[in-house]
Amino acid sequence: MHIYLVGGAVRDKLLNYPSIERDWVVVGATAQDMLDQGFSQVGKDFPVFLHPKTKEEYALARTERKTAPGYSGFSFNIANDVTLEQDLARRDLTINAIAQDENGNLIDPYGGQQDINTKTLRHVSDAFSEDPVRILRIARFAARYHHLGFRIAKETLALMSTMVQAGEANALVAERVWKETARALGERNPQVFIEALRQCGALERIMPELNALFGVPQPAEHHPEIDTGKHALMCLQQATKVSDNTCVRFATLVHDLGKACTPEELLPRHHGHEKKGLSLVKSLCRRLSVPNDCKKLALAVCEFHTHCHRATELNPSTVNKLFNNLGAYKRTDFFEQFLQCCQADAQGRTGFEERPYPQAQYLKEALASCQGVNAATFMKQGLQGPAIGEAMTAARIQCIKVFKEQYQR
Ligand SMILES: Nc1ccn([C@@H]2O[C@H](COP(=O)(O)OP(=O)(O)OP(=O)(O)O)[C@@H](O)[C@H]2O)c(=O)n1
Ligand SMILES: [Mg+2]
C-alpha cells in the first residue's frame, strides 16, 4: 500500500498559499485493508476513509465512470490495481492532480507544475465532464487565485460551455450550488466567480435573474459603467472591502435584480426597481436554498437601498419606518450589515469607488439619537397597550427630527 498527499495541500504548498486541510490517496489497497488498519468509511458506497487519529480523508485510488446523465449516476472502479496515474487522470485540474510521496517527491504526470508556473487552470482530461460540480469549482478557483494572475485555459472554458449546453448545469443540486457560491463569495475576488459562470453559460442556468442584468443600461450620469450586470459585479468587489460576511456580499450582489424588469420605454431609468426585485430575490433564494439570514438581508437591501442613499433627505417619520423595517431598534448587527451593502452599492460605480458614503454615519447617528426612548417611561406615565407603541413612535420621530435639524446646521 502506498499513500500520497494530493489535491489542495500539494497545490497550495507549491503556490505558497495557506491551505487548511490535507487529502490523501491510497494506491494498492482494498476497502478491507483500510478497515483493518482502523480507518472508518465515510459513506457506504464511497471509497473514502477517515484516518483513525487525524480524521483526514484517505481515498482509494479510483477511476470514475459516469452511468447516468447529471449528478447522480456514478460508479467507481476501485480495484486495487488502479494506478496513481489513473487516479490523477480523473481529477479536475492539472494543478490539483499532483501527488507527493512520503519523501517529498512530486508525481506530476499531467503538467500541474508547469500550469502553476504559467498560472493556468486547465482540466486534466475528458473525464472532467463527468462531474458538473467542477463547473462551479473551476469558477471558484478562478476567483480564489485571480490576484495571483491565474486564468481559466481556453480549452477548459470551452469544455465547461459544452457541459452547460449538454444540460449539466441544470443537474446541479441546489445545496451544492449554494455551498460553492458561498465559498466563492468568501474569496478576495468573488466577482470573478460570477464572471466565469457567465462566460461558460452556467450563470443563465443557475442564476438567471442575475444573468438578466447584463445588457441592461442605467443612466450614465449616476452609473458611468452603464451596464447593470457590470454594476452588480463592481458592487460585489466593493463589498469585499467593507465586509467578510457571506450575507453582506450576497445581498450586495443581488440588490438590483429588479432592474431586469424595467419596460424598454423607461430605460435607462429604473423607477420602482426596488419592489420589483423582491420576487426575483425570493425565487433566486428558493432555487439555491439560500439560508434565511442571507435571504433576509438580500430582501431588505433590495427594497430599501435607495432609501439609504437618500437618507439625509428623508423625513423623520420615513427614517423611523426604515428603522422599524430593518429591526434596527431591536438589534444593530443586521442594520449595520444593511448599511455596508448600501455603501458597496454606492461605491460599485466607475469613478465612485473611493467616494465617502456619509449616509451610513447619518443613519447610525439618527438611530443613536433614539436610544433614550423606551417603553418603561411611558408605562410609568400610565399608558397601556397600543398607546405605548404610539408614544414611542412619536418620541423617536421627534428625536430624529432634532438630530436632522442639528445635522443640517
Ligand atoms: N469535483 C471534484 C472534487 C475534487 N476533486 C479532486 O479531489 C481533490 C480534493 O478535493 P477538495 O478537497 O474538495 O478540493 P481541493 O482541491 O483540495 O481544494 P481545497 O483547498 O478547497 O480543499 C481535488 O484537488 C481534486 O484533485 C476533483 O477532481 N473533482
Ligand atoms: Mg482539499
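Including glycine, each Cβ sits where the backbone N, Cα and C put it.
Just so you know, TrEMBL annotations never went through curation; they're auto-generated.
Over in TrEMBL, the protein carries these features:
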type	residues	note
BINDING	Gly8, Arg11, Arg91, Arg137, Arg140	CTP binding site
BINDING	Gly8, Arg11, Arg91, Arg137, Arg140	ATP binding site
BINDING	Glu21, Asp23	Mg(2+) binding site
DOMAIN	228-329	domain 'HD'
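Shown for the domain 'HD' (228-329): DSSP residue counts in helix, strand and coil, namely 77 helix, 0 strand, 25 coil. When every Cα pair among Gly8, Arg11, Arg91, Arg137, Arg140 is compared, the largest distance found for this ATP site is 16 Å.
Neighbours of Arg140 (CTP binding site), defined as other CB atoms within 10 A of its CB across all chains, total 22. Regional average pLDDT for the domain 'HD' (228-329) in the model is 97.
Counting other CB atoms no more than 10 Å from each candidate's CB, the binding-site residues Glu21, Asp23 peak at Asp23. Between the CA atoms of Arg91 (CTP binding site) and Asp23 (Mg(2+) binding site) there is a gap of 13 Å, rounded to the nearest whole number.
Checking the binding-site residues Arg11, Arg91, Arg137 against ligand 2, not one has its Cβ under 6 Å from it. Measuring Cα to Cα from Asp23 (Mg(2+) binding site), none of the binding-site residues Arg11, Arg137, Arg140 fall within 10 Å. Of the chain residues outside the ATP site list Gly8, Arg11, Arg91, Arg137, Arg140, Gly7, Asp92, Leu93, Ile95, Asn96, Phe141 have their Cβ within 8 Å of the site's Cβ mean position.
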